[in-house]
């Protein structure tokens, strides 16, 4: 069985922990408590293959920055999250999060995830955003950002309704597998070049 380390990053309070709890245990906590560090594990079948996903939940707050970075080594794929109803969490993907990941794990694949999908049509949320002259993040905006940061894919999901929730983690596996295939091809290519340059005495 293949093991994959999935590290979940993004601003605090955008639903990262709820997403993981909903996926691993079908439960959601209504109380927000900042995560310092949490680890979940789950087994799943994808494309007729068994996988063991090690899910690392991290704190998004700046004060936990050093601690958060300790979770990064040996990560196979990042789920880089923002809230679809929090425009600042969206803009911070490009302003700070991509830079942090590139500094620490420049070659690790990323799946961009928009959380709290169910709240995009919530009238209270829409009124609150309207007061600030803001709108929820559109699917097209997510796709465009995904391309800009060279992410493997973009997925919108809801921890509450579980819409697209399983797709998030399937995409994480796909990203990891695609990256490893690419690395393997590159290695074979380099080996061929090395053999061509070798002179037998």
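FYI, residue positions are counted from 1 along the chain as it appears here.
Cβ atoms here come from the backbone N, Cα and C positions, even for glycine.
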Match it up for me: which of 5-13, 14-22, 23-31, 32-40 does Swiss-Prot list as motif 'Effector region'?
32-40
Taking each of the binding-site residues 10, 13 in turn and counting other Cβ atoms within 10 Å of its Cβ, which one has the fewest?
13
Helix, strand or coil for residue 61 (GTP binding site)? Use DSSP.
coil
Check the binding-site residues 58, 61 for other C-beta atoms within 10 angstroms of each C-beta and report the one with the most.
58
Report, as a single number, how many Cβ atoms besides its own are within 10 Å of the Cβ of residue 117 (GTP binding site).
24
